[in-house]
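Sending over a structure as structure tokens; questions will come in a sec.
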Amino acid sequence: MSLMVVSMACVGFFLLQGAWPHEGVHRKPSLLAHPGPLVKSEETVILQCWSDVRFEHFLLHREGKYKDTLHLIGEHHDGVSKANFSIGPMMQDLAGTYRCYGSVTHSPYQLSAPSDPLDIVITGLYEKPSLSAQPGPTVLAGESVTLSCSSRSSYDMYHLSREGEAHERRFSAGPKVNGTFQADFPLGPATHGGTYRCFGSFRDSPYEWSNSSDPLLVSVTGNPSNSWPSPTEPSSKTGNPRHLHVLIGTSVVKIPFTILLFFLLHRWCSNKKNAAVMDQEPAGNRTVNSEDSDEQDHQEVSYA
């Protein structure tokens, strides 16, 4: 038996005892599920652990299940080291939260930091729920839409997934109404369509889900750029260009009108000021001015 096999066997012994070797020496690897983390009963999923660090060995384990720890020799291609762990046929015992680690040959007891957790869920165990859209599966851009997942089965939790997205949304089921349990998923103002499915699960087995609902295609009509702006975005980003032209035209008209109004107001104030000064002059001065005016008029008559 080679030294490496013995070393990895020792690592496995530590895992069985619930004690990890020294970890966090290297950067954490990444853990992905192919084709995805939702796996139908009896199907197989590939968990790929990879890193740009040249790891010779990868370890995969399920949280709380040290006996399920797996070891693979890493493959190296184009500066990336990876290992593909085949999990299946999928059963309830294989569902759960997984993490992976990397290690190098010369220090097998020094593991990398753990990858981010990855939840593997088994589906297809119970009756499928129903999925509907309010006000309907076809909505205008910017219109609010709510998806409702319901079933006669007493599921504690409902899960909504969108095709092409890894993460799902979950809501607790509401009280029983008209013989059904339901959860509503508000999606907010619609911008892009997509295909949605929902699942049901029970509180004591969160990794075991029902069959998928029938797929629901949500279509968005109209130009998304004309949809309602979000509260954090200025309306000019999503507003109508024609409305912008009207604003510009109104501004062009207002500018000269404001200048003219200011000019007239200035003239009016000046006249008021001159009139006030005339009213405050002494009476004698006004008499002299009147006499001077008469003399000027007389002179003009004499010359005529």
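Including glycine, each Cβ sits where the backbone N, Cα and C put it.
According to Swiss-Prot, the protein has these features:
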type     : residues      : note
DISULFID : Cys49-Cys100  : disulfide bond
DOMAIN   : 142-205       : domain 'Ig-like C2-type 2'
DISULFID : Cys149-Cys198 : disulfide bond
REGION   : 220-239       : region 'Disordered'
TOPO_DOM : 266-304       : topological domain 'Cytoplasmic'
REGION   : 280-304       : region 'Disordered'
In Å, rounded, how far does the Cα of Cys100 (disulfide bond) sit from the Cα of Cys149 (disulfide bond)?
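Spelling it out, the Cα of Cys100 (disulfide bond) and the Cα of Cys149 (disulfide bond) are 34 Å apart.
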I'd like the per-state residue tally for the domain 'Ig-like C2-type 2' (142-205) from DSSP, helix first, then strand, then coil.
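Computed counts for the domain 'Ig-like C2-type 2' (142-205) are 0 helix, 40 strand, 24 coil.
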Looking at the disulfide-bonded residues Cys100, Cys149, Cys198, which one has the fewest other Cβ atoms within 10 Å of its own Cβ?
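Selected from the disulfide-bonded residues Cys100, Cys149, Cys198 on minimum Cβ neighbours within 10 Å: Cys149.
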Sequence gap of 6 or more, Cβ distance under 8 Å: name the residues on the same chain that satisfy this around Cys49 (disulfide bond), in order along the sequence.
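Counting only residues 6 or more apart in sequence, the Cβ neighbours of Cys49 (disulfide bond) under 8 Å are Pro29, Ser30, Leu31, Phe58, Leu60, Lys82, Ala83, Phe85, Cys100, Gly102, Ser115.
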